[in-house]
Amino acid sequence: MMAKKRIYEVAKELGIENKIVVKKAQDLGFDVKSHMSSLDDKQVSKLVDSFKSANTTKPSTEKDSKNSSRKEKTKIKVSVGAIRRRDNKNDHDNRHGNNKRRNNKFKKQQNDRRAERNKPQTEAKSAARDLLNKFKKKQRAEASELNAQTEASRRKWHQEQNPQRSKVKKVENTRKPKEEKLEGAAAVKARVQASQKPVGPKIIKPSPARNKAKRPTVKKVEPIAPVVPAPQKEETKPTRKKDFTRKKREVPDYERERSEHSDKARRRRNKKNKRINQSKEIKKQPTQRKERPLPETLVYEEGMNAQDLGKLLHREPAEIVKKLFMLGVMTNQNQSLDKDTIELLAAEYGIEAQEKVHEDISDIDTLYTKEMEESKASKHQEKRPPVVTIMGHVDHGKTTLLDRLRHTNVSEHEAGGITQKIGAYQVRIDDRLITFLDTPGHAAFSNMRARGAEITDIVVLVVAADDGVMPQTIEAIDHAKSAGVPIIVAVNKIDKPGANPDHVMEQLMKYGLVPEDWGGDTIFVKISAKTGKNVEELLQMILLQADVMELKADPDQKAIGTVIEARLDKGRGSVADVLVQQGTLKVGDPIVVGDTFGRVRVMTNDKGRRVKKATPSAPVEITGLNDVPEAADKLVVFEDEKTARSVGEQRAKNALEKQRENVQHVTLDNLFDTMKKENMKEVDIVLKADVQGSAEALQQSLEKIEVEGVRVNIIHSGVGAINESDVTLAGASNAFIVGFNVRPTNTAKSQADAEGVDIRLYNIIYKVMDDVEAAMKGMLEPTYEEKVTGNLTVRETWKVSKIGTIAGAFVDNGYVTRDSGIRVIRDGIVKYDGKVASLKRFKDDVKEVKQGFDCGITIENFNDIKVDDQLEAYEMQEVPVK
């Protein structure tokens, strides 16, 4: 297979541009398109021969101007390397001479035909080119003459300055005329042979600057510059002179024009680059940094370093360090500085130094007071609903009055007919809202009444007309007066026989409550909560009193409030009933409540509907806290959850440390008292209640029971159902468990039976106190004991008119009878305690249903039965006295 070469390789060997070789190959009839086209050996030989025959020097005549111009162009294009390579290939060319002659003949015929077609255009171009060449030759001759004169004057000057160097120049100058006479490829070859250094195969291109007739200068012609301002330029002149003399030859017109064009472009680029560099130099000039003014006051903290002070003073840390060094203080940028040094530095700068006062963000009580004062001073205050607390003695009709206002029936579902936790409700009257707080009237709930008086605007004191002033009535008056809250007296039960409202008014005058009809300033309204008589008048008096007080709040600030009640719910976790006092509480707000923290996850109003925000004076129920807060704890909203978490954790830590400090250790001073206490008998109790307020009230009431030689010790108090941990704690402490409105879980009940732990369950507070006191005195005479006979699970419910709700239940264990007592337990909380109304098996009435069977059951006066409710059947059995 014959080896092939590409066009650019042939052009490289010949030292000719690629496009000229491509053009020549196309003229020879070769199928080539670009410099990447391939040629075989024969085609390469023809192509090289064509260039060789074109380079052969012939006497030019006027008739053959076209051939002479082509020879001149080709002669200039050939490089030294190409000539040398062609000389080395003479033997090869002689062997193939016949083929070359045939190819040259064919090529000549093609050129003749092409010349005939382009003869007019070619003759015009040749004439123009000849005129241009003559003009440029004349310019070069004038430039050469000028250069010769300049060279002679310089040579004379150099001879005077340095005779030895002038001799060397004579030798070089004597060579110059000989080199100028050489032309074309023969001149290049003669110069290469005369030089000592071998010349590589490079294309010889004249410098554009040297081909211009107008730009020949002394620097381009003179090989050695005179020793005037810059001696370095003198050494470079001989090389430039040699290059100029070597390349002083005829150049094709199109290359000369292209060189001139590229020279202009180069000059434009140089000017542009010069401008860019100058602009960059201008930009690089560093701008002077403007110093910021010093602050009027330096608010510092002890322990700051130079970097911290530099930021406050708007100065570099190095400047601060230098200033301190001048003041005699050796320090670095990271070393802490004391108070005196910082004040000395501030005095040096001529500004006042003020130490920063740290606020304890964990003290939310102070923060609560501050927010309250800011809200009162705010200019964006709006009217808010009044908060009214209903107070009075037990069973005087407080909850019945509230039921009348809300059109509900809360009092019938309360154990023993008494309220044992604070309830918060909001009522709309004549397009205005009133928030009511229902407080317990029992003596054990004194703290609840005190909390209700602290967060309220108006106190409605309910006094029964047939009962008169009672101890809790007097206590409520004291709470209201200590809180500075106005009192409106509602004399209730005027519809009952034997009611004497005037007698009640006379009794209240002893405590400073004088009716307006008798010349006083206390509003008295005679009402009947049961029939609704004069209730509307009472509401009008409440609104009138609220208008006089001009109750306002700023809804735009961060919310603050107070916990009314708190409990632990099985499905929702910690639940807190909160009264918003200032600002607007929104879902998602990070909050701290007492020693707990969290984010408001779900918020519901008093009607059980979910809300997104709570405005001032609105009672809401919130979830999302990490633990159950205490009743009366303050609620404060923080900027972010991270801050709220840190504050809550710090408060919990402080509370734990305070609890540890309260533990008394045995010392010589209290040794005798400690021995007396150890000799006393203790009744250990684990107390569990449904809400935090009830647990707190029970604990305080039980601890107040005084029996000589015996005392009550509450080892644990909490909210929620009785669980296994409570039973374990009671078993380890030899205590019994008191459950108030709660029930034990099945696991806890089984564990208590196995370990013999006594669990007492109550739903009325005074029964707890009576039983504990009787047990302490040793006079507990059990007459009847409650015995649980069975447990049922509600699987389906049906509502039947005139009958109520029928529960389809399955007896899990034990049995249930038609005469059994029944409790409805939902999520561990007792919802109702009553009696069985009817018991059926299929369609037949039965007396008893045992374990493993289904039954239909209805409960007296209770229809709110739901699927998965637990029913507990029990009987009261007589227990003999031991």
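Start at 1 and count along the chain as shown; that gives each residue its number.
Just so you know, glycine gets a Cβ as well, placed from its N, Cα and C.
Feature annotation from Swiss-Prot assigns GTP binding site to 392-399, 438-442, 492-495; the stated evidence is sequence analysis. Its Cβ taken as reference, Lys398 (GTP binding site) is surrounded by 28 other Cβ atoms within 10 Å in the chains shown.
What Swiss-Prot lists as compositional bias 'Basic and acidic residues' is 60-71 (among others).
Per Swiss-Prot, the feature compositional bias 'Basic and acidic residues' maps to 84-96 (among others).
Swiss-Prot lists 97-108 (among others) with the feature compositional bias 'Basic residues'.
The compositional bias 'Basic and acidic residues' annotation in Swiss-Prot covers 109-133 (among others).
The feature compositional bias 'Basic and acidic residues' is assigned by Swiss-Prot to 169-183 (among others).
Taken from Swiss-Prot, the feature compositional bias 'Basic and acidic residues' covers 232-242 (among others).
Per Swiss-Prot, the feature compositional bias 'Basic and acidic residues' maps to 250-263 (among others).
The compositional bias 'Basic residues' annotation in Swiss-Prot covers 264-277 (among others).
The compositional bias 'Basic and acidic residues' annotation in Swiss-Prot covers 278-294 (among others).
The annotation domain 'tr-type G' is assigned in Swiss-Prot to 383-552.
Per Swiss-Prot, region 'Disordered' is recorded for 50-299.
The feature region 'G1' is assigned by Swiss-Prot to 392-399.
For 417-421, the entry in Swiss-Prot reads region 'G2', with the evidence type similarity to another entry.
Annotation source Swiss-Prot lists region 'G3' at 438-441, citing similarity to another entry.
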Long-range Cβ environment of Ile494 (GTP binding site), under 8 Å and at least 6 residues apart: Ala465, Pro501, Lys526, Ile527, Ser528, Lys533
Around the Cβ of Asp395 (GTP binding site), the count of other Cβ atoms that are within 10 Å: 18
In three-state DSSP terms, the structure that Lys398 (GTP binding site) belongs to: helix
